[in-house]
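*Asks:* Pasting a structure here, questions to come.
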Amino acid sequence: MVAVAAFSSSGQDKPAHTPKLGLFVYILAAASVIGGFLFGYDTSVVSAAMLYMPDAPGLKPMDTVWQEVLVSISPGMAAVGSLMSGTSSDYIGRRKVILGASAIFTIGALVCAASVNKIMLLVGRVLLGIAIGFASMIVPVYLGETAPTHVRGMLVAAFALMISFGQVVANITGGAFSYIDPYNVGWRLMFAFAAVPSIIQFVCFMFLPETPRWLYENGFETETREVLEKVYNGDKEWVEYEMAEIIAFNEDQAKENEKAHASGPVIWRILKTPHVLKACFIGSMLQAFQQLAGINTILYYTADIIRSSGISNNHTTIWISVLLSLCNFIGPFVPMSLIEKVGRRIIFLFSCGLVVLSLVFIGVAFLLVNHDSAATLPANQYGSNFNSSYPDAKGCMAYSNCDYCVTTDACGFCHDANTKQGYCLPAGFDNPEVYSSTGSCTNSNGSIANNFKWEKYYCDTKYTLLPIIACGVYLLTFSSGFTSLPWVLNSEFYPMWARSTCVAISTTSNWVFNLIIALTYLSLTQVIGKYGAFWLYAGLTVIAFIFILFLVPETKGYSIEEVEMLFMNKKQRREAESRRRETVTEVRSRMNSTVSFGQHNEVHKY
């Protein structure tokens, strides 16, 4: 555990009263977290759309490779977008990057909806990925730099809540639009819907201000005070305190830079500043651990998990997905309501521990399914209509039961409808979901042989619903802290000069590991089984728990300028506190002189 003495970055006690929130803060927060909604919606809606796009006119044929590319290209481009947004937000401001992201969200959604071929659809998914990367990096930074200290954690947690809400809405709209000519119109409406909230966000940010910390950093002192007046609802005591904090931090940082002859790229300065490098490493690892806990395996492969329970109807699959996404939506209310009361660390550790248990539960559920699934018959009983020279035939024969068989794309289980015994056969070339390419479930005679049934995705067992229940428990426990805390902490960890770059690096870490987990899950299940894959994620989450326990500090109650000191050693912290007290004394002296001078002039005017 990280223990840190309480201190004030400005060397002065904070105002004793809690500032009252005005309408401005609520509008600012609501407009900002639309970025989280779009993040969740656009990463999830493709799951429902993919049930229809492979057979849509203009998009056929769409093989497995194309489907994987269309799904994974957005997370891949999000990593690029998050890196781009770090530098650009330093130069043009946080607000303009959010405006740019909103515009790209709108264009990407409309391009996807209007696609007449796979290339056009791919371009749209690339644009959406870049916009997701922008939003996932810049919205937490914007909220962290603008929100009052006592609600900062709650508002950044609201960003994570809106990611989950976007996923719920994606499944609901997917279900609703699936009834409107889904192969021609429905899937297009699923993508087009996202243009509505992105346009709303764009319009809102035309009138919302830049963050006060970016404004002061770039020489707009008057505008900084004006924004703080709105944020703190005209509370002069809090406005003066925050203004002194910002000025003191910037002047103190300027002295340090001059003393150290700081120059060159920000990334080089980060590498040469041990406590900032430490914070960036911890922040990046938290984002990596979020993905290593397997969250997007569940979110991206929800339909596969549901189908493994025996659900074959696409509409039913989508509506069950809605129920699971609701579990993911309920959880974030826990950190939103408790984060400013009990702190970040306790919620994070609690959620992390429950995630370990739920991952073990999922693994046990899949293990029970595996052990209860029908065994394959020995090779000498495959019959004369089985041709072992067919592609994948010998490989399929090697699987010992139905569960191992249907886990592999190339195979399916052909079983006697009465005895449940059967064969693992290669899937058919034209209709792999309906027939095998050889053996008793082939369509060589126009239909499958009497009493035989072909299963491509699931096995008949008494445990088939258990994985769905386990996934619901997992989503509930994961979203109760693991979803939001990496975003909250990364919005707080870094000094102003390094914030956008460090958040960009940590966000890129999230997207890179997102892509790695998404691309390796199916391969993992074929090597160590579905249960083995989730137990591996459980082991990685145990490491995350230990990492959080010993390396992540509590940031509750500290101003965003104070949090930087939590990563310093004791000597550095004492020096920083002393230096900042001296700076704030000078700042307050100047501020008081300015006020007195203004009052003196006013007396003589009248």
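The backbone N, Cα and C atoms fix where each Cβ goes, glycine too.
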*Asks:* Is it true that Swiss-Prot lists ILE92 and ALA498 in the same topological domain, i.e. on one side of the membrane?
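*Replies:* For ILE92 and ALA498, the topology recorded in Swiss-Prot gives the same membrane side.
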*Asks:* So which of ASN314, ASN592 shows up as N-linked glycosylation site in Swiss-Prot?
*Replies:* ASN314
*Asks:* Annotation N-linked glycosylation site in Swiss-Prot: match it to one of ASN171, ASN387, please.
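*Replies:* Matching ASN171, ASN387 against Swiss-Prot annotations yields ASN387.
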*Asks:* Sort the residues of the topological domain 'Cytoplasmic' (85-96) into helix, strand and coil with DSSP and give the three counts.
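*Replies:* Here the numbers are 11 helix, 0 strand, 1 coil.
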*Asks:* Take a look at 119-139, 189-209, 318-338, 502-522 and tell me which one has the most Cβ pairs under 8 Å to the transmembrane segment (346-366).
*Replies:* 318-338
*Asks:* Among the glycosylation sites ASN314, ASN387, point out the residue whose Cβ has the most other Cβ atoms within 10 Å, with all shown protein chains included in the count.
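*Replies:* Selected residue: ASN314.
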*Asks:* Assess whether the transmembrane segment (318-338) lies in contact with the transmembrane segment (532-552), where contact requires at least three Cβ pairs under 8 Å among residues 6 or more apart in sequence.
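*Replies:* Result for the transmembrane segment (318-338) with the transmembrane segment (532-552) is no.
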*Asks:* If I count Cβ-Cβ pairs under 8 A between the transmembrane segment (279-299) and each of 64-84, 119-139, 502-522, 532-552, which range comes out on top?
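*Replies:* Comparing 64-84, 119-139, 502-522, 532-552 against the transmembrane segment (279-299), the winner is 502-522.
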*Asks:* Using Cα coordinates, what distance in whole Å links ASN314 (N-linked glycosylation site) and ASN387 (N-linked glycosylation site)?
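*Replies:* For ASN314 (N-linked glycosylation site) versus ASN387 (N-linked glycosylation site), the Cα atoms are 33 Å apart.
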*Asks:* Which one of these stretches, 21-41, 465-485, 502-522, has the most C-beta pairs shorter than 8 Å to the transmembrane segment (64-84)?
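*Replies:* Per the Cβ under 8 Å count, 502-522.
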*Asks:* Are the transmembrane segment (465-485) and the transmembrane segment (21-41) near each other by the rule of at least 3 C-beta pairs under 8 angstroms (pairs 6 or more apart)?
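*Replies:* In this chain the transmembrane segment (21-41) does not contact the transmembrane segment (465-485) - fewer than 3 Cβ pairs sit under 8 Å.
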*Asks:* Per the definition of 3+ C-beta pairs under 8 A with sequence separation of 6 or more, do the transmembrane segment (119-139) and the transmembrane segment (465-485) touch?
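*Replies:* Answer no, regions not in contact.
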